[in-house]
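Q: Quick one: this structure, given as structure tokens, is what I'll be asking you about.
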Amino acid sequence: MKISYNWLKNYIDINLDAQQVADWLTSTGLEVEGVEKVQSIPGGLEGIVIGEVVSCEKHENADKLKVTQVDLGNGETKQIVCGAPNVDKGQKVVVATVGATIHPTDGEPFEIKKAKIRGERSEGMICAEDELGLGVSHDGIMVLTDNPKTGTPAAEYFKVENDNVFEIGLTPNRADAASHIGTARDLVALGAVKDELKDKCINWPKVDHFKVDNHDLEIGIDVQNTEACPRYAGVTLTNVKVGPSPDWLQNKLRSIGLALINNVVDITNFVLHETGQPLHAFDASKIKGNKVTVRTVADKTKFTTLDEEERELSDKDLMICNDDEPMCIAGVFGGVDSGVKEETVNVFLESAYFDPVWVRKTAKRHGLSTDASFRFERGVDPLNTIYALKRAALLMKEICGASISSEIVEEHPKEHEWFEVTFNMDNLDRIGGKSLDIKLVKAILTRLEIVIDEENGRELKLLVPPFKVDVQREIDVIEEILRIYGYDNIEIPQKLSSSLSYAPKPNPEVIRNRASELLVSRGFLEAMSNSLTKADYYEKFKGIDSKGIVKIANPLSSELNVLRTSMVFDLLEAAQFNQNRQSTDIKLFEFGRTYSVKNDKSKEREKLSIAVAGNQEPEAWNTQSKKVGFDFIKGAVSALIDAFGLDKFNVQWKESESGFLSAGLSITINKNHVADLGIISGDLLKEFSLKQDLYFAEIDWTNFVKLAGQAKVRFKPVSKYPAMRRDLALIVDKEVPFSSIVEVAEKTEKKLLENVNLFDVYEGKNIEDGKKSYAVSFIFRDEQKTLTDKKVDKVMSKLLQNLEKETGAGLRE
């Protein structure tokens, strides 16, 4: 937000330099991010003076050039070669001297230098209007007919204004400061603690001389949706002369970077940035039926806005309509047909209070952000509606020669009440960490325009004005007092009181950091993505569970309109992003949350997602590239399970039913679902234009952390005694999971059995239909003595019996 220093001085007496004002505004929470020096005319016309042409002769070597002698005052005369057809002896002209930089209306600034033009010396330049940035005319040099004094600086003659413009980073809670008067309010409040600021209130421009000139054009209003528009007002002006704005108004608007349109629109912009109240001017001849209706329209109604873009309206968009059609998106953007143009004669001026939520939703829905929507969606002052309307109408009367041709028409079914807040000084002292004098606090509140309705010792009953939309609780009032008093004025106490806190066990942050370090050590990079995603993804891929999706009521865009139920789409987008930049070796992981709703209860889960594609290692002269496969992603997940001791639990692997995998495994540990991993389905690869296989794992991190807290990882020395291995090829039914083999083995011999490993699965030739072969290794070790073959053979015999009994397994012949 841009605020002009000169403009501020219209509302408050400031005897401070711009930098001091910037520092004080920052201290109140209106952070001044920069101060820019600006001039009402680009460059400030420095080095440019009023001269008199004392002689004008034809150039000997050029038919269209003339050699002039120009008096610059104080007896100084310069020879200047000029090509303008209208230059002549005796004229008062504008001269850019050597070393001056001029800023043309169209084109880049350039410096005036001594030159020889067709053999004649030239020491300056006699300027045209467009060469000085004063207009667009290039028909000839500027000839000044009011006989100004020779040598007068052009900046003085053209009344160049020098200004300082503050660039303020306005936070969302400071809607009350989104104008020059709003910013001035903070300086008034600072007067309670700064002796340099004497004004106790804002010098509002007077509007009490507002009166109706005639009743030549009455336009009625009908607000059909008072929830979206609690207050609407308008007035009609006739005989409006549309044209350029006067210099003072142009300078004000230019100083804060606003484009000039015409005097009517410029006035509405001026009042907006003066008071914070957006206004809209309609060409009254476009209001069919002489009636303005505030309502919604049918869904998918076509409407062309001022930027000449046709938009499709929603039945949730509030519109300003005439009897036949919509004219304006309320509080957001005007229509191309109903705006004020050069031929406009009569104007209907609108001032309203639109509900912030309605405006915000409409603006986001259409991807629009305007000065009006910026303020309406944060909340404007509903009590300022009529003042701003009168202010603009009077300016149009003064500048455009208009007549006020109707009473102010208004619909305001419900008064906007002030916020009632009970405030206690003891709470201020406790939270602020310093005891403030109640007289000072009352002075600050008064200057903040907060009314003290009742006083009972150290407790005050306050009435907060509606323009302070974010001050509705005691803690908000305390914040207001402290920011005006100045946080810098509160000393840091030597003793601090605090409550003891301790990290939960298991500590999720510690576990997460360890997991990140492990993955990074295996060559992975961490990704970060938005928890918002497209509903289209879930609609396109029916295999992915779309039940319980959380839809965003007020989405940032149509591309981000639901909360994710899985992180698969985020890493697919990341893989696509990398592929499009020729980075095809992908090893990514991301921690994040997923969201769902079940039985009207919302649920959040922490997840860890992993994606790999391309080569396992970077290409090098001394290694052969090897593509990642299922074993690679399985190795990463297994490494996490082993690192946190989860492998000591009952780990079961079975075929995954995940909709985003074409093939994969699901992991359950102690009956808790922990992960799904496998290869991404072809449909998803095609949707994201991925040209290689992508392997993906999604770990339920909430369950993982819970199990990690239960696991006991202890140091174990390397055994002094050797292990013995036995391999079996077992024939089992297809439905028998490997975890059943492990479970039977551990029940059979828990003391000596160290590990069970599946190293091959086979189905096909020589295997009966409905059967499969598991090749399994069993590792045995005795920590007390060396095992004998006789002992191990006895265990294996018993194990085979139990496997056959409990799983139906038999030895493969």
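The first residue you see is number 1, and the count goes up from there.
Heads up, the Cβ atoms here are built off N, Cα and C, so glycines get one too.
Sharing the feature lines straight out of TrEMBL:
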type    : residues                       : note
BINDING : Asp470, Asp476, Glu479, Glu480 : Mg(2+) binding site
DOMAIN  : 42-155                         : domain 'TRNA-binding'
DOMAIN  : 416-492                        : domain 'B5'
DOMAIN  : 719-812                        : domain 'FDX-ACB'
Q: Between Asp476, Glu480, which of the binding-site residues has the fewest other CB atoms within 10 angstroms in the structure shown?
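A: Looking at the binding-site residues Asp476, Glu480, the Cβ with the fewest others within 10 Å is that of Asp476.
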Q: For the domain 'FDX-ACB' (719-812), give the DSSP counts of helix residues, strand residues and coil residues.
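A: The breakdown for the domain 'FDX-ACB' (719-812) reads 30 helix, 32 strand, 32 coil.
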Q: Tell me the Cβ contacts of Asp470 (Mg(2+) binding site) under 8 Å, same chain only and six or more apart in sequence, or just say none.
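A: Listed in sequence order, they are Asn173, Arg174, Ala175, Asp176, Gly379, Asp476.
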Q: What mean pLDDT score does the domain 'B5' (416-492) have in the model?
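A: Result for the domain 'B5' (416-492): average pLDDT 92.
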Q: Centre the Cβ atoms of Asp470, Asp476, Glu479, Glu480, go out 8 Å, and tell me which other residues of that chain have a Cβ in range of the Mg(2+) site.
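A: Nearby residues not in the site list: Asn173, Lys468, Val471, Arg473, Ile475, Val477, Ile478.
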Q: For Asp470 (Mg(2+) binding site), which DSSP three-state class applies?
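A: In three-state terms, Asp470 (Mg(2+) binding site) counts as coil.
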Q: Which residues, sitting 6 or more apart from Glu479 (Mg(2+) binding site) on the same chain, put a CB under 8 Å from its CB?
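A: Within the chain, Glu479 (Mg(2+) binding site) has no Cβ neighbours under 8 Å at 6 or more residues' separation.
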Q: For Glu480 (Mg(2+) binding site), name the DSSP secondary structure in the helix/strand/coil scheme.
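A: DSSP assigns Glu480 (Mg(2+) binding site) to helix.
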